[in-house]
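Taken from TrEMBL, the feature domain 'Major facilitator superfamily (MFS) profile' applies to 27-478. Per TrEMBL, the feature transmembrane segment maps to 69-86, 93-116, 122-149, 161-180, 186-207, 294-315, 335-352, 359-376, 388-413, 425-447, 459-477.
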Amino acid sequence: MAPVPPGIRFLASFNRDQWYRAFTFSLTFLLYTSFHLSRKPISIVKVTRVCNIFIYLINYKQLLGAMDYSFLCAYAVGMFLSGIIGERLPIRLYLTFGMLMSGLFTCLFGLGYIYSIHSLGFYIFVQVANGLVQTTGWPSVVTCIGNWFGKGRRGLIMGIWNSHTSVGNILGSLIAGYWVSSNWGLSFIVPGLIIAAMGIICFLFLIEHPNDLRSIHAVQNPQKLTKNWNGTNGHKQLYHSYKQGDKYENWDTELLLPQDNSSVSVPVQQVVVVKSESEPSAISFMGALRIPGVIEFSLCLLFAKLVSYTFLFWLPLYITKTAHLDAKKAGDLSTLFDVGGIVGGILAGVISDKLGKRATTCAVMLLLAAPILYGFSMISEFGLGPTIGMLLVCGGLVNGPYALITTAVAADLGTHKSLKGNARALSTVTAIIDGTGSVGAAIGPLLAGVLSSQGWDQVFYMLMAADFLALLVGADAC
């Protein structure tokens with residue numbers, strides 16, 4: 001008999017639960033990558049003043065800032081409601097709806113070029129509608145990934161997973177940049193089609209919770225099945241507990257604990273337990289605010305996201321004006337900021353896992369970001385090499401705290417000990433934190449549009465002030 005190839009032995013070393021966990025990790029990564037991929041084109045296309053739609057207006061920068069603001073303001077308002085709604089609906093269906101509608105509105109923006117639409121009201125309407133439907137994404141994917149992965153090494157796992165933000169920005173920049181000078185309508189239509197296609201994949205394959213999968217296996221083994229109950233997220237689920245030695249575990253809480261190498265799919269002695277009818281209800285908005293740390297981290301994210309999203313929407317234009325590059329080259333160069341963001345998010349997760357101090361990690365990175373932001377105001381005096389280095393370092397220091405708060409910190413607070421085991425808080429907590437951060441994301445690009453007319457130095461002074469405020473608020477959470 002021939003020996004088993006080492007690659008096959010490696011694949012066979014993973015049990016079924018680990019394969020499903022890896023599949024969910026990869027799928028949610030790709031789903032939210034498509035969200036950011038569809039947001040990025042506006043920052044590339046605005047380099048050409050929305051390809052001369054409003055070139056006849058002197059204050060075109062303020063108009064572009066208003067278009068950014070319309071999207072981000074709608075996103076911020078919708079986010080607070082989205083988490084509450086998502087806590088009470090099937091995540092798969094809720095997320096699918098949001099992705100299909102987001103694809104529609106992203107395509108509509110590009111169709112404005114094809115049909116020569118010169119109405120500012122049309123583009124603002126599309127931006128507002130797109131901002132609202134895109135709020136379905138973040139609470140849904142964070143809740144799903146939180147259901148599948150426990151607290152052990154959460155910072156590292158979510159730091160790697162959160163790189164979808166930067167990957168989406170990079171792909172969005174490259175796709176939009178490819179058509180920006182020839183047919184900018186395709187810079188929106190292609191990303192719109194991609195996110196719509198991913199919405200269909202979400203509908204077909206997303207597994208919201210491990211219990212959903214185990215209910216299928218329970219149906220295939222009817223001798224172990226006793227009764228269904230109306231579970232979370234609007235559909236029926238089975239919740240099993242099992243006894244291993246003298247220790248009882250529950251499938252629902254097991255996923256929130258560090259995993260060992262043993263397979264939880266084959267318990268030693270399985271006992272089917274039907275939960276009582278008085279299951280804990282989804283947490284209220286005010287109840288989520290009372291969780292220790294939610295307000296502090298929400299305010300910290302407000303200022304951190306203000307800085308990050310100002311770069312997201314205005315960096316290509318700034319590079320074009322100061323480094324005198326064309327739209328495509330500026331878009332390509334701006335992707336280095338997101339490459340740095342990937343490294344920064346992972347590094348923040350690893351450090352916070354080692355130290356066990358999420359707030360301290362955020363504070364140190366925010367402190368180091370301040371001098372880099374000041375250096376950006378003098379980018380025109382540097383050569384290409386220093387500019388590339390500054391983009392990478394600044395991307396890591398700015399996006400590191402942002403990534404840590406929206407993922408690991410949100411998951412920690414959504415399963416805080418004060419909740420006494422109520423697992424139906426993660427989506428609401430995530431929405432509150434990201435919704436508050438999105439207020440800053442809406443304010444930053446708007447202020448940048450106003451201040452840039454007075455000189456780019458004013459924009460970077462504003463960013464440094466926001467970074468300092470995030471540091472002060474974050475220090476209170478330490």
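In case you wondered, yes, glycine gets a Cβ from its N, Cα and C as well.
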Region pair the transmembrane segment (425-447) / the transmembrane segment (122-149), three or more CB pairs under 8 Å:
yes
Winner by Cβ pairs under 8 Å against the transmembrane segment (93-116), considering only 69-86, 186-207, 335-352, 359-376, 388-413:
186-207
Most Cβ pairs under 8 Å with the transmembrane segment (161-180), selected from 186-207, 294-315, 359-376, 388-413:
186-207
Taking the transmembrane segment (388-413) as reference, which of 122-149, 186-207, 294-315, 335-352 has the most Cβ pairs under 8 angstroms?
335-352
